[in-house]
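Each remark here refers to the structure printed beneath this line.
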Amino acid sequence: MGESLSPQALAQPLLLQLFVDTRPLSQHIVQRVKNILAAVEATVPISLQVINVADQPQLVEYYRLVVTPALVKIGPGSRQVLSGIDLTDQLANQLPQWLVQQEAFFADREPPEVNIPFTELGQPETPALQQADAFFQLQQQYADLSERTKFLEQVIALVAHDLRNPLTAALLAVDTIQIRSQSFSVATAKEMQGLCSLFDQARSQLREIERMIAEILEATRHSGESLRINPREVVFEPLLQQVLEQLHERWRSKQQQLITDVPGDLPTLYADPDRLRQVLVNLLDNAIKYTPPGGTITIAALHRTSQKVQISISDTGSGIPRDQLSVIFKNLVRLSRDSSQEGYGIGLSVCQRIVQAHFGRIWVASELGQGSTFHFTMPVYRYTMPC
């Protein structure tokens, strides 16, 4: 390799980064590069970091690499990139020049004080790496903000149209009641029945608006913000009956059968009643929506452990494809079966946040053509909530 390097040059290692992919050829190239460097490493300090491009995409972008394998000489001196399948041949030809450049770089300099910070992998963390990490963090923050903004825009666009439907129906029902009430002084039984039906329709539609607004408010909260709950002792059976009454018109209009299986000795829950009602309404609303006319919906509660109660809602609908079970609780997820149904794909995400805020768990079991069962757990009253 010619004359030995000066002490100044020896004080600063040659910093190299080798970018490879997962192809079998990559391991062969890594070994050949190491062999070439080993020939001079006894007299010249060399730091080689092998990087999988899939693990460090920010560095690939930072160095503007377009081909793998690629070897980046970070320093001393100016940066240089070798790439392609003949990389090892390029390195064998280029390495002597790098060593000469290293000697020239330090020829008129004082020996530097070596104080190189190291990464978790034990490799030098150079200013270039620090800049790349900072750049990557900014990219991540920008991507998160962009995704958040896009999500909010999608929600607003969806809500702008869909909120008008139940609101228009409710207002029409109320206006009709007002007009009819002026046309007779003594209402007959039939007329009163009609008025009651209109009132029920208005109430149902207004509650639907209330539910959608609640979902939107929860879904638009920052994902990292913990959900606030006000837990207290809750008797499950009366709360369930209130929810069933609220959705009565929905399942009765489809002639569906609702079966409840709640043990009389079920312990009281330690939960926020409004949040628990929100979960039940969402899950039952979905069950009613996807169960065909004449189908069956079952609500069951089981005291599984001394600290948890499991609540399950089953339907006889079309079921959920297995490959979509893992994403069903994410924001704005709309399955292929949902194309003809109302909704934004945020209800189940809200349910998950509520259940997790109670230190519970929610999951689904489903087979295509055999319906779905959503399970979630809630703490019993004597359970002490963590601070």
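Cβ atoms here come from the backbone N, Cα and C positions, even for glycine.
Taken from Swiss-Prot, the feature domain 'Histidine kinase' covers 158-382, and the record attributes it to sequence analysis.
Under the heading phosphohistidine, Swiss-Prot lists His161, citing sequence analysis as support.
Confidence for the region 'Interacts with KaiC' (1-97), expressed as mean pLDDT, is 79. The region 'Interacts with KaiC' annotation in Swiss-Prot covers 1-97, and the record cites experimental evidence as its basis.
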### Task
Please list, for the region 'Interacts with KaiC' (1-97), how many residues fall into helix, strand and coil according to DSSP.
39 helix, 24 strand, 34 coil
